[in-house]
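Database features (Swiss-Prot):
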TOPO_DOM  1-25  topological domain 'Mitochondrial intermembrane'
TRANSMEM  26-47  transmembrane segment
TOPO_DOM  48-61  topological domain 'Mitochondrial matrix'
TRANSMEM  62-81  transmembrane segment
TOPO_DOM  82-226  topological domain 'Mitochondrial intermembrane'
BINDING   His160, Cys195, Cys199, Met206  Cu cation A1 binding site
BINDING   Cys195, Glu197, Cys199, His203  Cu cation A2 binding site
BINDING   Glu197  Mg(2+) binding site
Amino acid sequence: MNTWLLSLQNSNSPTYDMMIFFHDFTMMILIFITLLILFIMFTMINNNLINRFLLQGHFIELIWTITPMIILILIAIPSFKILYLTDEMFNNKITIKSVGHQWYWSYEYSDFLNIEFDSFMIPSNQLNPNEFRLLDTDNRCILPFNYPIRILTTSMDVIHSWTVPSLGIKMDSTPGRLNQSLLYMYRPGLYFGQCSEICGTNHSFMPIVIESTNFSYFKNWLKSFL
């Protein structure tokens with residue numbers, strides 16, 4: 001996994017697919033507007049012709065009033081749709097709970113005999129050659145792909161934020177409040193995230209690792225806790 005890529009990470013969930021589409025759609029509009037303005041500026045600077053009889057132009061004013069309204073509507077429609085779908089819950093098969101602490105995460109699989117464990121960052125001097133500095137943890141959150149999963153999150157102390165960019169998920173972990181989001185992964189793999197809310201001295205050292213596997217491996221992993 002290249003951690004120095006430009007632009008966005010590769011998508012691994014439907015939510016992030018929609019976010020990437022919205023990003024590209026918005027950038028296309030912004031680039032078009034920028035090029036149009038530059039063209040008009042360049043044309044006017046180099047134009048020696050002057051219309052001395054133009055006092056007002058109702059048609060031009062109508063165009064530059066209605067056009068921005070249409071552009072904003074075109075941006076707002078997919079934006080509201082994505083905002084709604086990120087909070088929508090449907091047919092979730094598994095529920096897990098993520099609890100933020102200073103400065104680590106703990107996970108609870110309450111659907112399966114109350115399985116609980118803590119997830120700490122692996123110090124740099126204990127990393128294996130195939131592990132990532134400041135991103136790998138001693139206990140990964142293992143979940144099956146192609147299954148709708150409900151993620152609950154809260155905090156035991158200060159406000160944290162449970163964020164995995166390649167899955168298009170970011171939730172505030174607030175003390176005394178339970179937030180939820182739907183997670184759906186396309187394929188197996190390791191997905192890395194970090195706390196995205198400044199929460200104290202070691203804020204930069206509480207990573208998140210999601211290991212996406214097939215359901216049979218997930219069941220065998222659950223049996224190891226029995």
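Cβ coordinates come from backbone N, Cα and C, glycine included.
Among the listed binding-site residues, namely His160, His203, the Cβ with the most fellow Cβ atoms inside 10 Å is that of His160.
Highlighted in sequence order, Gly100, Gln102, Trp103, Trp105, Val158, Ser161, Ser173, Gln194, Ser196, Glu197, Gly200, His203 have their Cβ within 8 Å of the centre of the Cβ atoms of His160, Cys195, Cys199, Met206, the residues recorded for Cu cation A1, and are not part of that set. Counting residues 6+ beyond its ends, the topological domain 'Mitochondrial intermembrane' (1-25) has Cβ neighbours under 8 Å at 75, 78-79, 81-82, 85-86, 132, 135, 165-169, 182-187, 189-192, 212 in the same chain.
Across the fold, the C-alpha of His160 (Cu cation A1 binding site) and the C-alpha of His203 (Cu cation A2 binding site) stand 9 Å from each other. Other than Cys195, Glu197, Cys199, His203, the residues of this chain whose Cβ falls within 8 Å of the Cβ centroid of the Cu cation A2 site are, in sequence order, Gly100, Trp103, Val158, Ile159, His160, Ser161, Ser196, Ile198, Gly200, Met206. Non-local neighbours of the topological domain 'Mitochondrial matrix' (48-61) in the same chain are absent; no residue 6+ outside the stretch has a CB under 8 Å from one of its CB atoms. Fewest Cβ neighbours within 10 Å among the binding-site residues Cys195, Cys199, Met206: this applies to Cys199. Long-range Cβ contacts of Glu197 (Cu cation A2 binding site) within its own chain (separation 6+, distance under 8 Å): Ile159, His160, Ser161, Asp172, Ser173, His203. In the three-state DSSP assignment, the secondary structure recorded for Met206 (Cu cation A1 binding site) is coil.
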